[in-house]
Amino acid sequence: DFGRSSELAFVVEPSDDIAVQEQPLILYCQVEGIQPITITWRKNGAMIVDSENAFMLANGSLYVSRFQRVRGDGSSDEGEYDCMAQNHYGLVVSRKAKIQAATMSDFHIHPQNAVVEEGGVARFQCQIHGLPEPVILWHKNSMPVNTDNERYTLLPKGVLQITGLRAEDSGIFHCVATNIANVKFSREARLTVSGSHSTVYKDPMILVGPENLTLTVHQTAVLECIATGNPRPIVSWSRLDGRPIGVEGIQVLGTGNLMISDLTVQHSGIYVCAANKPGTRVRRTAQGSLVVQAPAEFVQHPQSISRPVGTTAIFTCVAQGEPPPQITWLRNGQILETSDHIKLKNNNSTLSIYGINQADEAIYQCLAENSAGSTQASARLTVLWADGLPSPPQAVRAETVSATTIQVSWEKPLQNTKEIIGYVLHIRKAADPVEMEYQEAVSKSTFQQLVTDLEPSTSYSFYIKAYTSRGASKASEVTVVSTLGEVPAMPSLFIKVINSTTVQATWEPSIKLGQHEGFKLYYRKVHLSQYTGPVLLASNVTAYNITHLDASVVYEVKLLAYNQHGDGNSTVRFVSLRESVERTVLNPPCDCMKDEQNNKTSTTGIIIGIHIGVTCIIFCILFLMFGYRGRLLMCKNVQEQLSTPQIPRSQRSATGLVLNGATRRDRDDRDLNGKQLDMNELERLFPASPSQEQQEKGITSAHSLSAPNDETQISTLPLDEFSIIEEQPDPLPKNPHGSSPAAPAPEHGPANEG
């Protein structure tokens, strides 16, 4: 039965206390567990021997008959006390109880005389230190102050506030401090209320702001804030971090003091007191910090466990508090020392014991302590050992096979081998902690194991245990062996032809090469057996040019990496320079200067040609435009001549009809040149021809313009003799008979001067 009744545990532990001088003191300690149990006490780590002044009671408590802060020999009953209990399972130690003497100092601050105008605020303060914290009360004119008066506010730290002063508030004030050690009175101070209430405006002002406080959970905090001004300012509170203050346990004392009851850690923060002028944004602020501490307490207690010998035992102990507690482990009341098989992790929250044996059986305690208090929890480790278990395996040997493989062999135990169901090989790097160990299971008929996937040039430790259905044997002796060193891996190699006599070998650096010393480069003509090289290259070199080669043959290039363990496998490449030579012949080098001149000449010719072409296009367009407009104007002038009234023959000039400044004789001469007016064009422009006969003879005057006998034949005119003048003749009414419109002849005759 490994239940709680067989363990050793505290039911009642000593607690912190304040003792009164010359008065008795009792520290309680109650333990349960398997008897016999021995209880002893320590003060500041030293054993307390029973004496007339201090001795242990039958129930295990410690009795101090006359507590003294300082004895005649200079010793003191103040200090840290703990209780130790022991039975055959182990030993446990209680939490430390801090014992202090009740004291009271003199007043550090006395109330001061004050003269305040009516309606103002008066503040008196007393300050005194003591253990326990003194209770301070105020007297006025030797009588206790009436706390029922809402204008009177008494704060726990010895402050008296009086608001809305009146004449009857004048008087003599003093304070009285009381605790179990003493009662003391402060000096007196006079309050004088002068004049009547002033109506002069005054900016808000904070007389006293909040102090920095450090308290413990469940205590009460009072943050003082007293402000003056006219009109009376409004006092408000907030947290600097913007979080809400809340309402539960929050109370306002007087006109602006903040009281927080039953403190928690969440109440910690910086509090801001603001005095605001009513109806405006005018304000004054003051701030103070509140730190709430919490004694250490366990979130997870360690649990008692039972484990077979050779296995691993793990205890977990998680504590919280503010500030975060420090965790310490004890083994049978003594501070636990770590070793290769005892490890602490996770800020001491986890205790691991590897390869346990009979000597590890004990009571283990977890102590959690911070500035606000301490606590402890215990658990017992029971090591199971069955009779008839196999003895340790024998003759464990380890032999290196390669850089990543070791062969481990052993012989069966000398005793109790019938119930063996298998073996477990324990493996770890020799430099690693015990918790990095791992295991491989082996059948009971196998006495060797090939351990693979190891790291090169690394030492490993091995030991074997034989297992039965009832437990494991003790561990065999440990053997340590190192793996072989590993040569570097094959490098990647690339060959680039530079010219007809040079190639460049390049390769990539790689972490897979390991701790290599460098590279070796070889090359040869393929028809030869002898290599040129090795060319030794440093480990940081990644390229090498091979020069003075023969372009007519093929070369073999070989690269390998080497280190202190030897040469690695090589990478081989073949390269021919013949293609480089052929490319050089087929593509001779260019005369860059000549090509540049040719390029410049060609470019200039192209630019000139483009300019000429554009100019020709522009001239063609202009020619077509002006030619078309001239043709239209010519036809218009002919139309006007055809429509001009005929002049009698007697009035005609002997030189003949003048048209556009040209005589008929000249016209006839030009007709000989074959340049005739396109009659089809005129016919298209003037479709209103009177008869087919007129079309055959040329253009004649219309029958409607003159008498039938008065005919005038007009010869065709070459276009070259036309002088073009842009005119805008007035539009003429259309002849109702359908003939061409008639126009009056110009004063100077029918010819248009050009």
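Using the three backbone atoms N, Cα and C, a Cβ is placed for every residue, glycine included.
Feature annotations, reproduced from TrEMBL:
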COMPBIAS  643-654  compositional bias 'Polar residues'
COMPBIAS  663-673  compositional bias 'Basic and acidic residues'
COMPBIAS  689-716  compositional bias 'Polar residues'
DOMAIN    8-100  domain 'Ig-like'
DOMAIN    105-192  domain 'Ig-like'
DOMAIN    204-287  domain 'Ig-like'
DOMAIN    295-382  domain 'Ig-like'
DOMAIN    392-486  domain 'Fibronectin type-III'
DOMAIN    487-583  domain 'Fibronectin type-III'
REGION    643-754  region 'Disordered'
TRANSMEM  606-626  transmembrane segment
Arithmetic mean of per-residue pLDDT over the domain 'Ig-like' (295-382): 92
Intrachain residues whose Cβ lies under 8 Å of the transmembrane segment (606-626), provided they are six or more past its termini: none
Helix, strand and coil residues within the domain 'Ig-like' (105-192) as assigned by DSSP: 3 helix, 49 strand, 36 coil
Counts by DSSP class (helix H/G/I, strand E/B, coil) across the domain 'Ig-like' (8-100): 0 helix, 44 strand, 49 coil
